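A short worksheet on the structure shown next.
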Amino acid sequence: MGGWRDMSAEALEDQYSPSRWSPRLDRDTIIDAHLAVTAAGTERARASAQTSLHVPYGKGDGEKLDIYFPTDHSGTFPVLVYIHGGYWQCLSKDESGFAAPPLVSQGVAVVAVGYDTAPRGHMDTMVLQVRRSLAFLVEQYPEIRGIYLCGHSAGAHLAAMVLFTDWTEFHVVPDIKVPLPSGAVLVSGVYDLEPILHTYVNDALNMSREVAQRNSPMRHVAPAVPAACEVLVVVAQHDSPEFRRQSQEYSQALRAAGWSVSLLDLASVDHFDVIEKLSENSYILTQVILNMISRA
């Protein structure tokens, strides 16, 4: 078959260990550094923005979201919904507000979604929770005009799964002129879960092959409908070759199915600072996201 199937177990573990590929920090410190940066950024965002924290979108303990309102939210406003990474087993919404300051200052609300990570949360459950969080936002906040997804790593996978949602199952019928979502930014994601089955990542997830296939966006690429949203697939220069391959192949599959998709390959960043820098006004991805929203 070629590709990842021909790799040794050790090589495959390396390919799906993002901390091994950063030239900035060694693998033992980069995860802690990422946690520190995102937590501090979220603390700053909570101190500077008007917020509604720990808003329940369901009955489960993990089914809560944090809302960072734009500086002026007297009328309608667009929303960027951020879905955190952490290989579906760590991190939370409580370190996920760091991107809010540059966006709220430009009239965009930011919502950080919480979901039940493994081992408590099953992959099917996480996908369902993220979908339900969007349905909740549509139903509860009529002042929202346009929902844009931004997911990082595992969060990019969950955001990609949202693209193929039958919203009638959630009693939500999106306005054809305002699709749900209105746009998606998928940063350093995994879109085929089958390689994950053969790595340490699945120790906590405990996915079967059936579950991995059912929850692999690459296997669910549907022809774009007229109201299909714009998709931006982002990959870091210092992502592993497998992460880079997954982003390239997923963007190609979407394009072949008629989606409006762009692949943004960002230089001089790794799997972690590619998303951390969203706290900066001048960061290219911050500006690209604001441009996507302003064109709507």
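Note that Cβ sites are derived from N, Cα and C of the backbone, with glycine treated the same way.
All TrEMBL annotations are machine predictions without curation.
Keep in mind it's a predicted model, so treat the numbers as computed, not measured.
What TrEMBL records for 65-164 is domain 'BD-FAE-like'. Here the domain 'BD-FAE-like' (65-164) has, by DSSP, the following mix of helix, strand and coil residues: 35 helix, 26 strand, 39 coil.
Taken from TrEMBL, the feature motif 'HGGXW' applies to 84-88. Sequence-distant contacts of the motif 'HGGXW' (84-88) (same chain, six or more residues past either end, CB-CB distance under 8 Å): 95-96, 112-113, 117-118, 121, 123, 126, 151-157, 188, 201, 204-205, 275.
In this view, SER153 (active site, nucleophile) is surrounded by 26 other Cβ atoms within 10 Å of its Cβ, with every protein chain counted. Taken from TrEMBL, the feature active site, nucleophile applies to SER153.
As annotated by TrEMBL, active site applies to ASP239 (among others). Take the CB of ASP239 (active site) and look out to 10 A: across all protein chains shown you find 27 other CB atoms.
All protein chains considered, the CB of HIS271 (active site) has 25 other CB atoms within 10 Å. Positions annotated as active site by TrEMBL: HIS271 (among others).
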Inter-residue Cα distance where the pair is ASP239 (active site) and HIS271 (active site), in Å: 5
Euclidean distance between Cα atoms of SER153 (active site, nucleophile) and ASP239 (active site), Å: 10
